[in-house]
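Student: Starting off with a structure, shown below.
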């Protein structure tokens, strides 16, 4: 049921939904109030705040912290029935995960964006924004955590992955029904967590470089069910010995990570050396989760506990 006359806060951050084409390529150009002016009239009270004006591929941890703080400020108002965040789709799954990890309010928090620029003759932004606003004011969205409204679908943020760079409904929930443990609020810019993709011939010194540059944590996007080369395992050992928390994911879109293979470079070996398995979350969201844990003062025990239930 949509609550007619209720207050919905809309926080804009840029992205394709706010972009127009220029000689040098599309870029965010539509301001927050102008973005909301593109949708059909509504009986809801819409409160617009522009937080950022960037392409989400250029977003930084400090920017994500600013979005999260702005969301918290809106939910501090008891008159607000729900919040919408407009965001570029390139990194929406990361920011959505960040918000979901700290969202302990039953009121709806909806993210949306677009696949086509605002000046496209068939722009999808207005339709997506209207759907997000309706979802934010709908009692049926309460208690659902963060949802992504795109292409006529509502996708839970936790476990969401952008599977198609052009489809109007680009996000999919890879593993439905994931648990939603909530973590203490913190600013993720306080911690550095690097994401390293593993492939045939990967140089183990990339891990050493990451440690030398001050990484507090490291997420490995490994092959198959969590496997790599024995020399990478040795580099993981060195990183863990220096206090870096290492989380193991798979680069495969579906399926889970499991300690099944050994041979010196399998997940069995990585876990033996102290790596933590993230069984269901893909690398992008595992990185955000680890960053929240470490920025909040947690370490390996807290990461182990989280990924054991995530």
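Glycine is no exception: its Cβ is also placed from the backbone N, Cα and C atoms.
Found this in TrEMBL, in case it helps:
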ACT_SITE  16  active site
ACT_SITE  16  active site, O-isoaspartyl threonine intermediate
ACT_SITE  89  active site
BINDING   56, 89, 90  substrate binding site
DOMAIN    8-175  domain 'L-asparaginase N-terminal'
DOMAIN    192-303  domain 'Asparaginase/glutaminase C-terminal'
Student: Go ahead and report the DSSP secondary structure tallies for the domain 'Asparaginase/glutaminase C-terminal' (192-303): helix first, then strand, then coil.
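Tutor: For that range the per-state counts are 43 helix, 21 strand, 48 coil.
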Student: Mean pLDDT for the domain 'Asparaginase/glutaminase C-terminal' (192-303), as a whole number?
Tutor: 97
Student: For residue 16 (active site), what is the secondary structure by DSSP, using just helix, strand and coil?
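Tutor: The three-state answer is helix.
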Student: Rounded to a whole number, how many Å is the Cα of residue 89 (active site) away from the Cα of residue 16 (active site)?
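Tutor: Residue 89 (active site) and residue 16 (active site) have their Cα atoms 8 Å apart.
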Student: About how far apart, in whole Å, are the alpha carbons (Cα) of residue 16 (active site) and residue 56 (substrate binding site)?
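Tutor: About 9 Å separates the two Cα atoms.
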Student: Between the recorded positions 16, 56, 89, 90, whose Cβ has more other Cβ atoms within 10 Å than any of the rest?
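Tutor: Its Cβ has the most other Cβ atoms within 10 Å: 16.
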Student: Helix, strand or coil for residue 90 (substrate binding site)? Use DSSP.
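Tutor: Reduced to three states, the DSSP call for residue 90 (substrate binding site) is coil.
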